[in-house]
Amino acid sequence: MNKLPKPYRLSEEIANAITHGIAAFLSIAGLVILITRAVLHAPEGETAYYVTAFSIFGFSMVFLYLMSTLYHSLLKTKAYSVFERLDHSAIYVLIAGTYTAYCLTALRGTVGWWIFGIIWGLAAAGISLYAVFGSKLRYISLFTYIGMGWIIVFAADPLKAVVSEDSWVLLLAGGIVYTVGAGVYALKKIKWTHPVWHLFVMGGTILHFFSILKSF
């Protein structure tokens with residue numbers, strides 16, 4: 001059986017599992033809300049785009065928080081290392097899923113499709129590399145997550161022109177919360193920083209959820 005990773009204590013792992021377990025249930029509710037809004041309020045003739053985009057984002061939320069919950073729940077089991085890879089790979093999925101919610105709806109067009117392709121290409125590469133090298137790439141992946149998250153600055157003007165002001169502010173706020181959280185994650189050897197990082201991730205996701213909800 002695998003030993004509990006040194007930076008973590010049992011009490012911390014319980015907190016890690018509980019925080020993201022709650023987030024997993026909230027994500028399921030969020031998925032339903034987003035799909036319902038897309039079906040009822042999407043611009044005429046664009047319902048399919050909105051339902052698809054919001055579904056991808058919603059499922060990416062559920063996937064990330066479910067994988068994280070299982071990873072932190074299955075300590076000292078053979079499955080632990082497998083879910084460690086799935087947990088970190090799911091971050092790439094959530095980043096790409098978040099971009100999808102904008103690229104296939106408000107930002108759809110040349111810029112939107114370019115960003116969509118680049119982000120999912122980077123996500124696929126990141127997932128593949130982490131699947132092979134695992135935790136050896138932990139800190140490299142951290143910088144990759146941040147870099148991917150802020151690619152949106154290259155489409156700031158066209159996106160601001162098509163989403164509400166509230167949506168834009170919430171999007172930026174979510175990015176800032178994620179980025180600060182990444183700094184907390186880098187301090188993981190300090191007790192209780194990992195559960196705190198989980199709260200930052202949840203905060204960033206909530207802000208982006210409402211940004212997407214208010215984007216049209």
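FYI, residue positions are counted from 1 along the chain as it appears here.
Yeah, the Cβs are placed from backbone N, Cα and C, and that goes for glycine too.
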Can you tell which of H72, H88 TrEMBL lists as binding Zn(2+) with H194, H198?
H72
Counting across all protein chains shown, how many other Cβ atoms sit within 10 Å of the Cβ of H72 (Zn(2+) binding site)?
26
Residues flanking the Zn(2+) site, with Cβ no more than 8 Å from the Cβ centroid of H72, H194, H198 and excluding those residues themselves:
E12, E13, A15, N16, A17, T19, H20, S68, P195, W197
If you skip the near sequence neighbours and keep only those at least six away, which residues in the chain come within under 8 angstroms of H198 (Zn(2+) binding site), Cβ to Cβ?
A15, N16, T19, H20, A23, S68
Please work out whether the transmembrane segment (89-107) lies in contact with the transmembrane segment (113-132), by counting C-beta pairs under 8 angstroms that are 6 or more apart in sequence and asking whether there are at least 3.
yes
Same-chain Cβ contacts of the transmembrane segment (21-42) under 8 Å, 6 or more residues past its ends?
49-51, 53-55, 57-59, 61-62, 64-66, 68-69, 73, 198, 201-202, 205, 209, 212-213, 216
Quick test of the contact rule: Cβ under 8 Å, at least six residues beyond the ends. What residues does that give for the transmembrane segment (196-213)?
15-16, 19-20, 23, 27, 30, 33-34, 37, 54, 57, 61, 68, 94, 98, 101-102, 163, 166-168, 170-171, 173-175, 177-178, 180-182, 184-185, 188
